[in-house]
């Protein structure tokens, strides 16, 4: 209930703020890349290479992922030749979560990051148990007592992953995968907008978003929400397509993206247009340095990024202090 009330208050504040900005822009006679009128809904943004009203982009993006949900994982393997699995593994390697941490995975509909997170944490727990066993070949009574206390305390240190996605169809596919993999423990699924997260402040140790933030209409607002829901000391991690650094690779990548990916979308998922949009949306997303600056402007510290596969993908990281 408290989270719902805060969400309503934030929404009212945002709408008031937008109306003030539009009035100010109209009074000063300034113009920019976005079009303003008396109604906030007349402002425009990009949907791939197409210019659309802001109010329409979210609906179109929702429709894209609603259409591709059932074939989303298969298409990820086909489009990236399976390399997306290595990128996501790298995200978890850099994240290095420890037992007891709480993850919010935004735009994580089919659960790839959440599943990896839970598996990684459980492997860490098992490694700690083995290490403790080796160190207690001839334990004292104090060692036995301490170990018993630690084992009882593990339940309270259980890690949890919350998958939040605005698209119900994507979440449905994720839940089906979780059931088939027997991974229901420590996992929950929430319908929510990255720009207006349905969570209280300071709730999560790690916020992750993989291949989702470029589909958000107001990226700055999504970053502010990430900062809000993270605990002090919490970490923001974003895995996203970026700018290829090698000119030769860039030409090959562009040719493959525009000539092959929509064809694969049509053959495998029966949907050319959705995958044409996905290719175009990658080109409209800020490059590594620009996105790093956006994360810093949102209030994160120690922001850095790692280029993967020559910059095809970048992993950005920052901390809330």
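In case you wondered, yes, glycine gets a Cβ from its N, Cα and C as well.
For the ranges 70-98, 128-156, 215-243, the feature annotated in TrEMBL as region 'Disordered' maps to 128-156.
Applying an 8 A CB threshold to same-chain residues 6+ apart, the list for residue 194 (S-adenosyl-L-methionine binding site) reads 106, 107, 164, 166, 209, 212, 213, 216, 222, 225.
The Cβ of residue 193 (S-adenosyl-L-methionine binding site) has 166 as same-chain neighbours under 8 Å, each 6 or more residues away in sequence. Within 10 Å of the C-beta atom of residue 110 (S-adenosyl-L-methionine binding site) sit 23 other C-beta atoms, taking all shown protein chains into account.
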